[in-house]
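> Swiss-Prot lists GLY122, THR123, HIS124, GLY125, LYS126, THR127, THR128 with the feature ATP binding site, giving sequence analysis as the kind of evidence.
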Amino acid sequence: MTTDQLPAELERVHMVGIGGAGMSGIARILLDRGGLVSGSDAKESRGIHALRARGAQIRIGHDASSLDLLPGGPTAVITTHAAIPKTNPELVEARRRGIPVILRPAVLAKLMDGRTTLMVTGTHGKTTTTSMLIVALQHCGRDPSFAVGGEMGEAGTNAHHGSGDCFVAEADESDGSLLEYTPDVAVVTNIETDHLDFYGSADAYVAVFDAFVERLAPGGALVVCVDDPGAAALARRTAELGIRVLRYGSGSHGQAPSGQPLAATLVSWQQQGTEAVAQIRLAGEQQHPLVMRLSVPGRHMALNAMGALLAAIEIGAPTEAVLDGLAGFEGVRRRFELVGTAGGPAPSSTVRVFDDYAHHPTEIAATLAAVRTLLEQSGGGRSIAVFQPHLYSRTKAFAEEFGRALDAADEVFVLDVYGAREQPLAGVSGASVAEHVSVPVRYLPDFSAAAEQVAAAAAPGDVIVTMGAGDVTLLGPEIVTALRVRANRGAPGALR
């Protein structure tokens, strides 16, 4: 039975770092369910303006007095340990007053109580797969509540309190917080070593997925992509525990190449510009393969959609309605998002600029593969990759792998490391990645000069893609502007 009534401790909350993707989503749901919300963050943002419009009291900067923004003060203070230090003055003041400090994952778990819970995790593709599942269920009339790590194109938001009986959310594995949840359906897209700054070893990272699956509710199911070796191994271990496993991936006659049975098989896939058409077969279906159309390119997107399809079917959504919903999925901000174009109307006379959140070698490889197919279908041109490494620890661990992945581009620009929460490491910079790139590459430590240099390298028909989890997303519009300026003044290079 669902209820809109909030737990008493969440009726009046103060959120430290309220503008973050995950925190702002929690704030939206709390406000929609009648809660009072105050918060603070380091800087203004579009998300903060939207929360203020909904009634949240938000202060820029961190100060102990922010705990008095709500009449009577908060019943709890919510934070995220990944980005907010324990020395934050608002957290210090909360502890002094005896106000409970609750981490975001624990709050999300409380908000899910009483609903059928579907959670998506994995090293790559979490946000996109979660968003696909949400859109599919919305199309089926289920109106799910949801919390996702990116802004969905259709909804223009990252969270929603729905009237339906299910809750869809992204489960973040980066800090072990996915162990707060007890899902009815868990989707695992892939497992590949990451976040060694937190886990310390590959074995510890892999183990958290096993622990997550073991938290499935009685009668729950694991939906897992067995094209990925790490996820396929998880499927085998999970089946040995007696948990129901629904596998999806490439194969024939209902089996993956490994011999594992498939609940959904990717029979064929074809990219058509920035769209894709896949043929899939569901277990037990004897008729011709089903056609799955997507408005987002890349074989990896087809696999993500298959995971969403199986999860939706698992809770009773009609197959054809789910496929119709997936066909209307417009993507997520920063997932192969078209930023802009400069030049003529034909692909051969224009430069297209995309932005992508890719910040792991495998993600970069998938994004550049989609770019390559796009170029092949539009008559040629070059791919230009602009990559900003994220975190010093990740850059140190994967510098060589980043270089190999970037070799799929025709030309590469590497920016300096976006450190986020980390302090610099001696000898680690964007140059650490650039030295492992074998195609033409330039290391650009000066972010402010990057847009002009990238624009100068482009020619009609080229595709530029900015990649990374930091502020490289700001660069795309600057590149588009620089391209247009160069074209207007007849500068050599881009659009002569």
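From the backbone N, Cα and C atoms, a Cβ is placed for every residue, glycine too.
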> Per residue, counting other C-beta atoms within 10 angstroms of the C-beta, which of the binding-site residues THR123, THR127, THR128 reaches the highest number?
THR128
> Are there residues of the same chain, six or more positions away from GLY122 (ATP binding site), whose CB falls under 8 angstroms from its CB, and which are they?
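Result: THR129, GLU173, VAL187, VAL188, THR189, ASN190, ILE191, CYS225, ALA231.
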> Please work out which residue of HIS124, LYS126 has the most C-beta neighbours within 10 angstroms of its C-beta, and give that one of the binding-site residues.
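Top count of Cβ atoms within 10 Å goes to LYS126.
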> Would you mind pulling the DSSP three-state label for LYS126 (ATP binding site)?
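DSSP assigns LYS126 (ATP binding site) to helix.
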> In sequence order, which residues at least six apart in the same chain have a CB under 8 Å from the CB of GLY125 (ATP binding site)?
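The list for GLY125 (ATP binding site) reads THR189, ASN190, HIS300, LEU303, ASN304, given in order along the sequence.
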